[in-house]
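Let me begin by presenting the structure, written as structure tokens, before commenting on it.
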Amino acid sequence: MTPAKHISLVAPKPIVWTIAGSDSGGGAGIQADLATIKDLGGHGCSVITTLTAQSSVAVALVEPVSEAILLTQLSTLLADLPPQAIKIGLLANQQQVHLVADWLAGFKTQFPLVPVILDPVMVASCGDELGDKSTASKPLDFTPFKGLISLITPNVQELARLTAATDKQASAIHTKAEFAAAAMQLSAQLACSVLAKGGDIDFAAQASDGINTSDLLSDHKSDITSHPIVTDNQRLAEDLLICHQVTGCSPLDANGGFWLSSARINTRHNHGSGCTLSSAIASVLAFGFVLQDAVVVAKAYVNQGLTHAVGVGQGPGPLARTAWPHNLTAYPHVTAYSQNSLSESSDLQCGAFNRLDPDLGIYPVVDNLLLLEQLLAAGVKTVQLRIKSNALKSNVLASDELEAQIQTAIALGKHYDAQLFINDHWQLAIKHGAFGIHLGQEDLAVTDLNAIHAAGLALGISSHGYFELLRAHQHAPSYIALGHIFPTTTKQMPSAPQGLCKLTHYVELLNAHYPLVAIGGIGPSNLDQVKATGVSNIAVVRAITEANDPVMAYAELTRAWESSL
């Protein structure tokens, strides 16, 4: 059996293209992109749009490549090395914008699902303009990319220029309200998601200086279990992700807005941070992660790169390359943004939920009392009752019947001294004193988590990818479920199966913090593979509920799991 540490995302390597300018100083542009793609396990291909003569302190000359060489690079690569993701960086002039957009329109007819990330680079880290002389007085118009790109990643200055009226000078953005409004506007303009980068503006400092404080969104809560630790001398870097018709995620998140907050990293060595972020997003997308997952992983990667960056010249140095981020503290804090209320969703304020023994082993999920009692009588100590309302016989009697079944189940759990989790029905679980409650991501927004905590119940939360597991982590649950690992027929899922490689990453990120439970399509044929990822526990549904002898199936699964290396 392959040890868990050898399961990785390196085979096969996804191909990631970067269409951008060359930085002769090696800190940004094509050079930063290729270093990032390789560091994250991809194979990078480059299409050079512009040659720059620059160092860490100045840009001396910018020279666009010819139309012929630009198009030939694209066609030559496509014939042999088609991409799983594309990052577009520096485009030197409006002619290049139209050229690349026209090519991309044709590419999308053949490869409609390949994600494209646009980093609208305008100014180098040293402050010099990067476009040719024709763009110095007028910003580039990126509207030819409307409907062709998945995400655009402007910083605050770029955001202001991209959303300025055509006949007016760009207005500076000072407040969170202005920042959010501009991001929403840009998303509508280009029909794509927007990651508005707030690293160049300190909203808290602006507020303390008295700039439009009434327009500022409310500050983040400071619960140490779910928020970056910020000292008196440390501020937050806050980005805003506006999602536009994102596929493969929860429908609630497909068009959502989210603040991504990290403690500001005090360093001058940030050369190429925007290039690194956008190429990291493209790299993670190339591995099959959804957009929200790719953004938070890339943010963690940049945070680690800034933390460990060192100078190599007289000016700002490049980011360090620190490989796939497995340090939970490097990841951003996620809070929901509401356009209507200009507010952020509240985080748990009552502390962590009851912690469980990390070794839960085989965790059955059943849908009826008969099977529940059989398993409890056989010695099962952790089990979940998942009764969906549409499974009840009569809508008229659904409420009473549901409560009676849950009350009986809880009594059985107590009789057998078991950790019984009730799926979804949290009010009834509290009322009748259940051991715990299990919630899906969609349930978090409509559930009183403080009431669950006050009642002393344990809490399990489902997750499907990095973005959702970060949201689960911010509620400090008793355990986190990671799924669905393999195809499953027990419920319809908007996400694709996570697979073993992704599970390995999640386990490495969270194993020291929570009991983890893998779920989804797990049975006797793949137990060894799942165990090899390092996960300690598995939830099983069909492997028990569809067995001829569920009790025997549980016993055999337990023996097989415990004997796996």
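One-based numbering along the chain as shown.
Cβ atoms are placed via backbone N, Cα and C, with glycine included.
According to TrEMBL, the features are:
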- Q384, L385, R386, I387, K388, N423, S462, K491: 4-amino-2-methyl-5-(diphosphooxymethyl)pyrimidine binding site (BINDING)
- D424, D443: Mg(2+) binding site (BINDING)
- 23-206: domain 'Pyridoxamine kinase/Phosphomethylpyrimidine kinase' (DOMAIN)
- 255-319: domain 'Pyridoxamine kinase/Phosphomethylpyrimidine kinase' (DOMAIN)
- 369-544: domain 'Thiamine phosphate synthase/TenI' (DOMAIN)
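Taking CA atoms as the reference points, L385 (4-amino-2-methyl-5-(diphosphooxymethyl)pyrimidine binding site) and D424 (Mg(2+) binding site) are 10 Å apart.
Counting in whole angstrom, I387 (4-amino-2-methyl-5-(diphosphooxymethyl)pyrimidine binding site) lies 9 from D424 (Mg(2+) binding site) by their C-alpha atoms. Contacts of S462 (4-amino-2-methyl-5-(diphosphooxymethyl)pyrimidine binding site) defined by a Cβ separation under 8 A and a same-chain sequence distance of 6+ are given as H438, L439, G440, Q441, E468, A472, A481, G483, I519, in order along the sequence. For Q384 (4-amino-2-methyl-5-(diphosphooxymethyl)pyrimidine binding site), other Cβ atoms within 10 Å of its Cβ number 24. In sequence order, D367, D424 are the residues near K388 (4-amino-2-methyl-5-(diphosphooxymethyl)pyrimidine binding site), counting only same-chain partners six or more apart with C-beta under 8 A.
The Cα of D443 (Mg(2+) binding site) lies closest to that of N423, out of the binding-site residues Q384, R386, N423. DSSP gives D443 (Mg(2+) binding site) a helix state. Take the binding-site residues L385, I387: by the count of other Cβ atoms within 10 Å of each Cβ, the lowest one is I387.
According to DSSP, the domain 'Pyridoxamine kinase/Phosphomethylpyrimidine kinase' (255-319) comprises 31 helix, 9 strand, 25 coil. Averaged over the domain 'Thiamine phosphate synthase/TenI' (369-544), the predicted model has a pLDDT of 93. The number of other Cβ atoms within 10 Å of the Cβ belonging to D443 (Mg(2+) binding site), over all protein chains shown, comes to 16.
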